[in-house]
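**Q** Below is one structure. I have some questions about it.
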Amino acid sequence: MSGKPPIKRTPIKRKPVKRYPAKKKTATKKAPLPAKKAGKTTRKPAKKAVRKKTSKKRKSTLSGVSYRILKLMFTKLFLSSVAVGMVFFSFYLLYLNYIITDKMSGRIWSLASHVYARPLEVYQDKPLSIADLKYELNMLDYRKVRNRPVNPGEYRILNGAHFEIFSREAVFWDGKRKSQGLRLSINNNQIQALHELQTDKTISLFRFNAVKIAGIYPAKKEERELIKLADIPDALVLALLAVEDRRFYDHLGIDIRSIFRAALANIMAGKAVQGGSTLTQQLVKNIFLSPERSMVRKINEAFMALLVEMNYDKSVILETYINEVYLGQNGAQQIHGFELASQFYFATPLKRLSQDKVALLVGLVKGPSWYSPRKHLKRALKRRNQVLQLMQREGILTASQYAKYKVRPAGLAKKPRYTANRFPAVIDLVKRQLKQDYDDDDLKSSGLKIYTSIDPLIQKKAEDSVRKLLPALERKKNVSSKLQTSLIIASSHQGEIQAMVSDRNPDFPGFNRSLDGVRQIGSLIKPAIYLSALQNPDKYTLASMLDDSPLHIKIAKDKRWSPKNYDGKFSGSMALSDALKLSRNIPTVRLGLDVGLSDIADSLQSLGISREVPAYPSLTLGAFSLSPLEVANMYQTFAAGGFHVPLKVIREVLDKDGEPLKRYPLETNKTLDEKSVFLVNYVLNQVTRSGTAKSLATQVPQHLAGKTGTTDNLRDSWFAGFSNDQLAVVWVGRDDNTSSGLTGASGALRLWTDVMKKLPLNS
């Protein structure tokens, strides 16, 4: 038996039924009946009267029944409609709730991936000029100050050569590094001393932050840097709520009081001066809904705001809003979130902003374009002061603080710390290499941090040389149309690309000639031919004699090929080393045909060329097309003494939180005999002393090796060369493949020389 108490049933009281007395019948005079006929009884008229009365009663009963049936039907229909409506409304809410939870529980934003240069390492005796260090600090957006630096991102220079620097926090593959002060001195383009700023303790090695050189953006071109609520200054939170949503912690997503207050204010002003949307509604509109203005969107916004508040804590909503809100534009990129806006406008992390700068950012929420401090400074300052006044009214600021802050200048950085993409040719290469391991969606939405080997100091020197030399070459040769170029610089032994320029305008993100400009390489192929011969030391040495006399080769039934030397002359007999040093064509053709085209193809493959090699005699004079990057891969193997290291630009990839994902280590393969490579490199060194590139000897004192290249009708001008630690390849020509008017020595070599003499090369 159940332990529940018995249910008390209360008897239903029935109301007494009112009974009304029957109406008295009014006496009516009846017409006299006709006299009955004898023997007959007539009752027909009486039956008719009864039938008529019954018929009327039936009709009355039927109409009452029909009314009750119709009433019941309409009631059921109404209740059914309400039930169906409730079902549909429930599904509608469930659908909205699914949209919210699916988005909020997954990846809310598509985060751009960022590409970084190599971090600058400094140590005693490192070659580094004062100008280069200043340029690096400028690229990192460090601010020069008069007094001793006390904040990250500041530095000062004493006596022209002594630097005091307060570095920022940094993230590297092997961990994170906190802000640190250091002092260093430079003399004769070399670091003389390196100490901690506070303790004066000697530092053996220090790494600066890596320069951000580009972003790989999602389709919306949105850029943001996420920040956690714990790292957001209280002043920002208080100011934001005071301006945008004072009752944030009291409402459930929509605020009826604010809506009526805003409506009244707008009516009184005769125009829209206030909005009634809560922060939650603004967040819903920005993340989940389109920007269209319609009643349906407003209804969705209201219900979704309620659902967001039901599902998530206020702190989650506030943090999400602070990272989402749109605060400005940098070219094609949209600036979202207060952290990135702080760096964009002030070149300072959000947590280090003063309250007047916080007020300026909060003021932007109302209209980032209208109140943009870079375009409308007076308007922005007026809006900032309105926010400051409200902060004082709410007790966030004292009267003295308000008086101090309202007269301050905006304090904008001279240039945005967040910049558009630098080095477009490099970024193109980075994207292509990344796509071997990551799909396009991950690159554009996962917030990856990609660290490369690009050296901004070398890149700047390369760009400066291109901008200076190409116009000079055009004037000298009286070229009718513009020359184009490709320049690649890499480390000789590590195979890391340090700089790349692919257009006469290095900032132009167009056709990437370094990767896609496939041109005939001319005499650049000759070292591969001589290498093939020297790998057979029993037959060929540097002293072997080659024939430099007229040559006619039958290449078809009625067709002969008669190669010529560039000067049109013949030298008779000459040493193998001299033939390469002076880039003589006929001895090279004879040697190549003797060695065999298949052996030359094998040597090219060992040098790093994966492209199919054509098997015809003109191959020996470079009738073979490669891109500048492929040429650089080929000459890297010579520079590394027979060890092929595929050229790469990416060092490592980290996730958005700075955790390592993938590293791209050095890959070294011994592909050639070192002795044969040594002999070829010896001759290539002679090329730079007394051969076709002898002008180098008087301009660059280091030990160099290299080879000029010129194609038919002077269409292509090449030079590939290397020192002990760096390799560079230059191509100069015209996109329409008409004559450039330049040989390898008169064109590409001049550009190569101008760049390399600026670098601290090792012999």
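Cβ coordinates are placed from backbone N, Cα and C, and glycine is handled just like the others.
Just so you know, TrEMBL annotations are computer predictions that nobody has curated.
Feature list, courtesy of TrEMBL:
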type	residues	note
COMPBIAS	1-28	compositional bias 'Basic residues'
COMPBIAS	37-57	compositional bias 'Basic residues'
DOMAIN	123-207	domain 'Bifunctional transglycosylase second'
DOMAIN	220-392	domain 'Glycosyl transferase family 51'
DOMAIN	488-731	domain 'Penicillin-binding protein transpeptidase'
REGION	1-57	region 'Disordered'
TRANSMEM	77-100	transmembrane segment
**Q** Could you give the mean pLDDT over the domain 'Bifunctional transglycosylase second' (123-207), rounded to a whole number?
**A** 93
**Q** Hey, which bits of the same chain come close to the transmembrane segment (77-100), Cβ under 8 Å, at least six residues off its ends?
**A** 288, 300, 303-304, 307-308, 311
**Q** Just to be sure I understand, if DSSP states are collapsed into helix, strand and coil, how many residues of the domain 'Bifunctional transglycosylase second' (123-207) fall in each?
**A** 10 helix, 35 strand, 40 coil
